[in-house]
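Student: From TrEMBL, here are the annotated features:
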type	residues	note
TRANSMEM	A:12-29	transmembrane segment
TRANSMEM	A:41-61	transmembrane segment
TRANSMEM	A:89-108	transmembrane segment
TRANSMEM	A:152-170	transmembrane segment
TRANSMEM	A:182-199	transmembrane segment
TRANSMEM	A:235-260	transmembrane segment
TRANSMEM	A:280-300	transmembrane segment
TRANSMEM	A:330-353	transmembrane segment
TRANSMEM	A:374-396	transmembrane segment
TRANSMEM	A:402-426	transmembrane segment
TRANSMEM	A:447-466	transmembrane segment
TRANSMEM	A:522-542	transmembrane segment
Amino acid sequence: MSANKESWGSRVGLILAMAGNAVGLGNFLRFPVQAVQNGGGAFIIPYLVCFLVMGIPLLWIEWSMGRFGGKFGHHSTPFIVDTMHRNRLWKYIGVFGIWTNIAVASYYCYLESWTLSYVFHSIGGTFAGLDQNGVSAFFNEYVSLGESTFGIPYEPIVFFVICLLLNTWILSQGLAKGVERVAKIGMPLLILFGIFLAYKGFTITAGENGAINDSSVGLNFLWTPNFDELWSPSVWLAAAGQIFFTLSVGMGTIHCYASYVRSKDDIALNAMSAGWMNEFVEVVLGAAILIPISIGYLGVDGVTELVNSQGGLGLGFRTLPYLFYQWGDVLGAVAGVMWFGLLFFAGITSSLAMGTPWIGFLQDEFNWRRKPAAWSFGLIVLLLGMPTVLFFKYGVFDEYDYWAGTVSLVVFALFESILFAWVFGMNKGWREITSGADIKVPNFYKFIIKFITPLLLLWVFIGSLITPKGGDWTGALSNGWELDDSSIINKIKNSSLKRQLAEATDPEVIQQLQDTLFFVNASRTLLVAVFLSIALLVYIAYKKRVREGRI
Amino acid sequence: MLSTIILVTGLMSYFFYRVLNAPPKPEPDSYLDNDDEIERQAPRA
């Protein structure tokens, strides 16, 4: 018998937890940068289309798969997918739904710990009086485990451990008393902080507090549509990719949360409510903070350069703390607390979701109690996360992010969409989606889920596998297909690193690149080993079920 | 920009409003807050 007798405390709590799972740091740091790099206002068209034909269908698929598996007492993807078809291999595809979460949590909790640390540094006035280079240098010093202004030795590790302890303790309190309670506090605060910062982003005036542009310049830069980009497959690929990151689909967390919903209760409206809440945070709040504030003070050229060199993460941590202090010491500190506070809430509501599939798996299959299962998650994430902290400069963090946080989502989503629509069957699938629904689900979604969503996912996967050089699809078709370094195939071959090594002449640079190559390969080996270990556990659990006559 | 912001905010508000105003399902449902209370079913003294 499973030790898992949990349930959600309330429907609003479930929706806030699901929205919190979806809302992450990417809503504020990734989305605006993607929009700027992919046609500004025109990006929103493919983005919303992908949300309608891929995001919403995947939400419904995952919610209904989760609720379906929950009927049989399963709360993690290996055995949820196992209930949907007899083929024994499906449960090993379901391993993705545990592995992705553990691997992503390992670097995501580290990122989350930065936000927690930066909240305290904002309160402590660390950034007051620093110029832009000073704030940027602080970040470099921080991630290199350098000297701490608080005098705490190995401060990033300390905050990482604090963050993990906090996550683990909350998870050990259970769904209703832990995860849901945090979502009920965190999500409203996140939206409140976001509205304040978005208001500031909307009201910057040139000449005031050192601003060189009105906020309209930044907003125009972000929102002015470049319709030429609309026909570029790279832009569509970027839009589809953003939908994955933002909705946390293809991870296994939605399945797990939904598995605690009873079969007669609604999922169709719940999924829409949580999904659109995420879109609000991303499109309305996320677009109104990072880029408009940065451009208000640094200008379009300055921000373009920073976006290209540092990305959203760099802009959020290296630049914004400095810009906030243009509003004065007190407001600068308050804005810093709000910015990193909202990022922290965005992060923790997602990382908590990442813990639940592993905990559900141990409870269901090995009769573990919630508390030891939660602490085992904390320990695994600590062990797997330490390489991202210690060897950050060698690209371990990025490697985890690429394979677990990017490629794996697409692979699992592709498999689950095929399983749901073609193997489990669209008629049964449709009944699952509409059973207990509090809204009328449009019938054309039957067609979309069966044909459009899997095809789009296949296209996203193939597009990522063989991305042509510079994203020039037309050129690649006519002039021969040269792979881009960002393509999965060239990533596996380490093409970029090997080329840099071949071109390098400075012995110090060569050493750094060789070390990076070693750590990149070691990270991959470690991730594969973790995947195989979970697959082995699934096999053991399956054999245990057979012995006990539960399958 | 404005139309996108209005559309997204409107749809989020609409669906959340629908959730808040949906009639509760017959018990037992998925949520503790709406479940039977043990005392209610206890035999009267």
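Cβ coordinates come from backbone N, Cα and C, glycine included.
In TrEMBL, annotation is done automatically, which means it is predicted and not curated.
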Student: May I ask whether the transmembrane segment (A:12-29) has at least three C-beta pairs under 8 Å with the transmembrane segment (A:152-170), counting pairs 6 or more apart in sequence?
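Tutor: Counting Cβ pairs under 8 Å, fewer than 3, so no.
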Student: Which residues of the chain, 6 or more past the ends of the transmembrane segment (A:374-396), have a CB below 8 A from one of its CBs?
Tutor: 102-103, 105-107, 109-110, 143-145, 156-157, 160-161, 164-165, 167-169, 171-172, 355, 358-359, 362, 368, 515-516, 518-520, 522-523, 526, 530
Student: Please identify the stretch among A:41-61, A:280-300, A:330-353 with the greatest number of Cβ pairs below 8 Å relative to the transmembrane segment (A:402-426).
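Tutor: Looking only at A:41-61, A:280-300, A:330-353, the most contacts with the transmembrane segment (A:402-426) come from A:41-61.
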Student: Suppose I define contact as three or more CB-CB distances under 8 A, residues 6 or more apart in sequence; do the transmembrane segment (A:89-108) and the transmembrane segment (A:447-466) meet it?
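Tutor: Touching, no - the transmembrane segment (A:89-108) and the transmembrane segment (A:447-466) miss the threshold of 3 or more Cβ pairs under 8 Å.
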